[in-house]
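Structure, as structure tokens:
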């Protein structure tokens, strides 16, 4: 899920010399730099990867079928260009998008946090301050170097614990899909156990007096500022590593330093194989063990800060945190599925995805909860119960939709969904190496209602955990939901374009069988 992933709305990426190339945005999940991604330079569309978490599973042209494969392999969809990428053409206009996204989101993080903590989440007050005091307001609200250093001490401890848990917490080895170079990444599937253990350790440390349970609320502003600077340097490290010390052949340059920095130069960057046989996957760490794990711990910490400051967590805070914890737990329950999505298979480790997960997810994806700490809103028993129940069911449907697709792929389409044999399209496509391959496009269950149905319950769940901010009239506290709506809508168009290029006539047949994009009978 986008948000799960973390997310940022990204356009397709450009090509790389060594193998496969990168490309964007969730949750929902889960996910991702803000705003619509800049237009990918002509010819940079990366390529071949398998279907993304947020788009329907590929299948064949012609009528929907319930059989696992056609009797005779259909012809590959005709292509004028190979389904991957060509050489980048870095005009000034094409560079403007990445440059703008490298500069503006980090500033947005600082300003948004200031408005939520000091201006009651009021867009009007923020606008007035900008009119009166721009641009000096940008450095006036910026945390001091000392504050940032103190905040980073806490973050570094958090990172150290997560890095230790990746190899030490028990779990099976999960093998990801084949990369363009033929490489198959391996991961230790211990997300759920790591999530549970992290929550226990967080509260145990607070109980033993090592820190206040509300610690992340008290250091929020300097922490986000410090993460901004760290992430800029970290992305430079990833840039150099991908060019000169790649972990696999799925790496390379587009010929533009700016595009390489923004989109990344390496698909599967890993470190530490001398200490752990499979090594630490840096995208799994930034996306899952920091971005998504902080979403869980950060919101719990904000709830405890309200209890420390106001005497108790109010029902608006409790319901918001409850639904978010269910969502994050769902993400880790499905983490191996996430490791098969485009965030991992297609998007290289660059500013777009790594800054997004290191900074954008911790800040924007929790901003509503941060706002609620000082705004004691009572929803009432009935409203709280309805929002909690609707949010829980929405997260379940989102998970069930992902499970339908996962089971469908694992069993090569030979499954039953809702008591009936799953229907599908068997689609062929041509790889960059000129090899014809097949994919299955699911046309039943949730995926028969709309082509990106899982976005709908994700938006509904997100509404339940962000809506309490509206009781106070705060527009900025509702920023995440607006961002998610734009992100998932943009992503649906981007993914449709990519699938249309990949599958050709098969995708047109799929659209005929499943005519709605996200909302059944509406859109």
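Glycine is treated like the rest: Cβ placed from N, Cα and C.
When the ranges 459-488, 489-518 are checked against TrEMBL, the one recorded as transmembrane segment is 459-488.
Ranges compared are 253-273, 379-399, 400-420, and TrEMBL records transmembrane segment for 379-399. TrEMBL assigns the feature transmembrane segment to residues 151-169, out of the candidate ranges 132-150, 151-169, 170-188.
In TrEMBL, the feature transmembrane segment is placed on 189-208, out of the ranges 189-208, 429-448. If you look at the transmembrane segment (379-399) against the transmembrane segment (290-309), you find fewer than three C-beta pairs under 8 angstroms, all six or more positions apart, and that falls short of contact.
Contact between the transmembrane segment (95-117) and the transmembrane segment (316-334) does not hold: fewer than three of their C-beta pairs are under 8 Å, each pair 6 or more apart in sequence. The stretch in closest packing with the transmembrane segment (290-309), judged by the count of Cβ pairs under 8 Å and taken from 151-169, 215-240, 349-367, is 349-367.
If one looks beyond the transmembrane segment (151-169) by at least 6 residues along the same chain, the residues whose Cβ comes under 8 Å of a Cβ in the stretch are 143, 188, 190, 193-194, 197-198, 201, 211, 215-216, 219, 222-223, 226-227, 230, 276, 280, 284-285, 289-290, 293-294, 297.
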